[in-house]
Amino acid sequence: MHEITLCQRALELIEQQASAYGAKRVTAVWIKIGAFSCVETSALSFCFDLVCRGTIAEGCKLHLEEQEAECWCEHCQQYVTLLTHRVRRCPQCHSDTLRIVADDGLQIRRIEIDETED
C-alpha cells in the first residue's frame, strides 16, 4: 500500500503551505489523481485521515478528483482519453497499442485554511 507514503508526503507539503500562510487549521484539501497513478481512492482517503491525526489538518475535508489519462493510439493514430488503468484498449479501434502521453499522477490542487484561533 503506497497510499500511506503518498499521504505522508502530501501532508508535509500541505503543512508547509499552511504554515507559510499563517494557518491555524487546514479545513479542506483537493487532490487530483491521474487514471494511471495506481492509487485506490478509498485507500488514499483512509490513509489521509490516518496521517492527519494530531496535525493542523486533522478532520479536514478531502476532495478527490479522478483525472483521465491522455493516450496516443499507434493503430488509429488518434489521441484518446482513458479514466482507468484497468482498460488498456483504444475506445475507437480497440487496439492495445496505446502510449500514455499525459497522466499527472497525484496533485494537490487546493488547500483551504482557517487563520483564526479556536
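Quick reminder: no glycine exception, Cβ is built from N, Cα and C everywhere.
Reduced to three states, the DSSP call for His2 (Ni(2+) binding site) is coil. Marked as Ni(2+) binding site by Swiss-Prot: His2.
Annotated Zn(2+) binding site per Swiss-Prot: Cys73, Cys76, Cys90, Cys93, in sequence order. Cβ contacts within 10 Å of Cys90 (Zn(2+) binding site), excluding its own Cβ and spanning all protein chains shown: 20.
Of all Cβ atoms in the shown protein chains, 13 besides its own fall within 10 Å of the Cβ of Cys76 (Zn(2+) binding site). Comparing Cβ neighbour counts within 10 Å across the binding-site residues Cys73, Cys93, the minimum falls on Cys93.
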